Amino acid sequence: MEIFYCVLLMLGAILVSNLINRFIPSFSIPIIQILLGVVLSLIPSVYHFEFDTELFMILFLAPLLFFDGMQSDKKSLWDLKKPIVMLALGLVFFTVAVLGVLINAMIPAIPLAAAFALAAALAPTDAVAVSSLGKRIRIPEGIKHLMEGEALINDASGVVSFQFAVAAMVTGTFSLIEAGSRFLIIALGGVAVGIAMTALKYLFVKWVRTLGMENVTFHLLIGILTPFIIYMAAEECRVSGILAVVISGVIHSFEGRRLNPETATLNIASKSVWSTLTFALNGIVFLILGMQLPHIINTIWYNVSVSNLKTIGFILVITAAMMAIRFLWSYFTVAAPKQKRFKRIEFNKRRPQLRQLAVSEKPLGGELSRIKTSLIISMSGVRGSVTLASILSLPLVLSSGKVFPERDLIIFIAAGVILCSLVVANFVMPLLLKQDSKEDKGTEERAACLEIIQNVIKQINELTNDENRFQAARVTRNLLMRAEELRSKNYKKSNQKEERELRKEVFSWEEAYTKSLLHNKTIDETTALQYLELLNKICRKNEKKLKFSYIKMSRIIKGLGSRRKQGIVAVNYDINRGQMETLRRMNNEYVLERLYERKEKDDTIALNKLISEYERLEALVAARKRTDDYHQSIENTETVPTTSINDMEDLVHLSFQLERDGIQGMFEQGRISWETARKMRSDIALMELQLQQSSEAAVF
């Protein structure tokens, strides 16, 4: 029962930490949870357990790293693959070498091999800590993705370095060739096991589905067991279990792209379960760190042979040296100015011509200077559970039977560096980042609200099938109208002139491209003239006043079948509808390619608005075709399917719940304030009440 009470207290402490963070937002949740862990450890009635490194790694880190892999931004990871490798491999080995020598020189009582072991334990950043940090502090997106990618894979290099340093200390022998080959085997083997086990899991799931077992609970249980099984399999094969679960998580992230009702329902349920599970596990990790601190501190603090002030000085010097090494490495590698590179751009998939352009890559820190970018990278390298788990696994005795030299001091220093890295990231790093004005904060909150609605639309589309296509179209149309209202509020007047000029240029692109297609006989003359008249109509509206929007554009598209004016012969739009939609799609692709090309050189608000608009228009044309197919199927079958109001209500209520989940996520990440979150929830409640009243009126 003692263990059960301890678990209940820890779960309660997790809830309390979030409440404290609500009233004291300047303290990040990890720091609050570490402090609460210290408080729990001081309560005599609380069960005090021995820290088991292997159990800690498999029970907590395996599922957390697996989930981080599933949630990772794959495109950003691929784009940043070189800087990630430079930090996850190059920086780790460089830190071990430099910091190990420094520790040995500063504290001669710690042998060189033991100093390398301490440096290796401190070298890797912690994925759990970095993930928690990113939710609290508004780090630039490029740096945030870099930190997350580094934390996912640098554990392998750090753990291997630590193991060889400990082996050298215990046995007194070390081989660089053996260490290098062993690292390759562990890293590549972990990747191979992760891929192989994930493939076996998918084969098993496929076989189960052939038996007709589509039970969501059954498949959720398989998903929860996956990281534990893969980690244990990798460790049994003597390779990196950490890399195995990370690779498996990244592979599993592609599962959400399968758009059918069964997998869509499973994906939504899985996301809810994993969010709850990782919320609890994240909190328990930091609570355990806090619960270990009093014992670690007591072993050194009350030791008369060790000066407490000198030990604290060691911790501060090692922390500063570690950040200095990270700063210099970042400054001369990942934060260096990007050189122009040549990129081949295909302006349209239907045109074989390719053009080679010199494109300048966007800096990693955005508008931040090179020095400030390097400072943020150095301070955001938070140490956490991996460091503590590694250092607590130090053996008590050497192979000769002697006691491991200065083991307690090494553990104390590691714990002190963990705390210092968290404190610096929590209190010092925000000072480097630009503080948003009230106006900018309001703009960012509206952008976050817009992102919530866009995510709901995406999830509704994933649930769309032949049976609920019509209902889903109505729900998404209402969501699009709300998104357009938010977008208009988020747009400053200073950007309107820039947008007007850019629209003129875009219209000229479409006109020239349409004429070139007509000249090459890719489209017929009637379709080209009809489309050019549409462009002329839109251009006139744009020149009068900038009130053009996605909603107005969609209405114009819906009216593409209107009769021709100004002497142009009338045409039957139903006859050439397919050609008109094809031309619309070709122009969209062409314009998007041109806009993306310009975005590489000059990233502006107006440019991003047009890119977003043309992407939505492309989706609108596709949705129109699906609706036409739906009505055509009704005409062919000569039966009108009945639309259940309950089906529509279920879909609307689902969209409300998805929106609530998004609001909570944005609030936890600090992207919206409590007042904004409360107002958005209140708006949803009002819409639900209106829906209920409409349903009751329909009954009577």
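Here the Cβ of each residue, glycine as well, is placed from N, Cα and C on the backbone.
What TrEMBL lists as transmembrane segment is 6-24 (among others).
Residues annotated as domain 'Cation/H+ exchanger transmembrane' in TrEMBL: 17-434.
Residues or ranges marked as transmembrane segment by TrEMBL: 31-49 (among others).
The transmembrane segment feature in TrEMBL is assigned to 84-103 (among others). Only residues 6 or more beyond the boundaries of the transmembrane segment (84-103), in the same chain, are considered here, and those with a CB under 8 A from a CB of the stretch are 77, 110, 112, 115-116, 118-120, 122-124, 146, 149-150, 153-154, 157-158, 161, 165, 318, 321-322, 325-326, 329-330, 333-334.
Marked as transmembrane segment by TrEMBL: 109-130 (among others). Within the chain, the transmembrane segment (109-130) has long-range Cβ neighbours (under 8 A, six or more residues past its boundaries) at 30, 61, 64-65, 68, 91-92, 95-101, 103, 147-148, 150-152, 154-155, 157-159, 161-162, 165-166, 168-169, 174, 282, 285-286, 318, 322, 380-387, 390-391, 394, 404-406, 409-410, 413-414, 417, 422.
Residues 65, 68-69, 72, 84, 87-89, 91-93, 96, 100, 111, 113-114, 116-117, 119-121, 123-127, 129-131, 183, 186-187, 190, 240, 242-243, 246, 386, 390, 394-395, 398-399, 404 of the same chain, all 6+ positions outside the transmembrane segment (151-177), place their C-beta atoms under 8 angstroms from a C-beta of that stretch. The annotation transmembrane segment is assigned in TrEMBL to 151-177 (among others).
The transmembrane segment annotation in TrEMBL covers 183-204 (among others).
If you look up TrEMBL, you'll see 216-233 (among others) marked as transmembrane segment. Sequence-distant contacts of the transmembrane segment (216-233), counting only residues of its own chain at least 6 positions beyond either end whose CB sits under 8 Å from a CB of the stretch, comprise 57-58, 62-63, 65-67, 193-194, 197-198, 201, 204-205, 208, 241-242, 244-245, 248-249, 252, 265-266, 269-270, 273-274, 277.
Residues 57-58, 61-63, 65-72, 74, 77, 152-153, 155-156, 159-160, 185-195, 197-198, 223, 226-227, 230-233, 263, 267, 462 of the same chain lie 6 or more positions beyond the ends of the transmembrane segment (239-256) yet place their CB under 8 Å from a CB of it. As annotated by TrEMBL, transmembrane segment applies to 239-256 (among others).
What TrEMBL records for 268-291 (among others) is transmembrane segment.
Annotated transmembrane segment per TrEMBL: 311-334 (among others), in sequence order.
Residues annotated as transmembrane segment in TrEMBL: 409-433 (among others).
For the coiled coil (453-501), the predicted model reports an average pLDDT of 72. Annotation comment: TrEMBL describes 453-501 as coiled coil.
Remote same-chain residues near the transmembrane segment (268-291) are listed as 10-11, 13-14, 17, 29-30, 33-41, 48, 51, 56, 60-61, 63-64, 67, 70, 128, 131-132, 216, 219-220, 223-224, 384-385, 388, 418, 459, 463, 658, 661 (criterion: CB distance under 8 Å, separation of at least six residues from the stretch ends).
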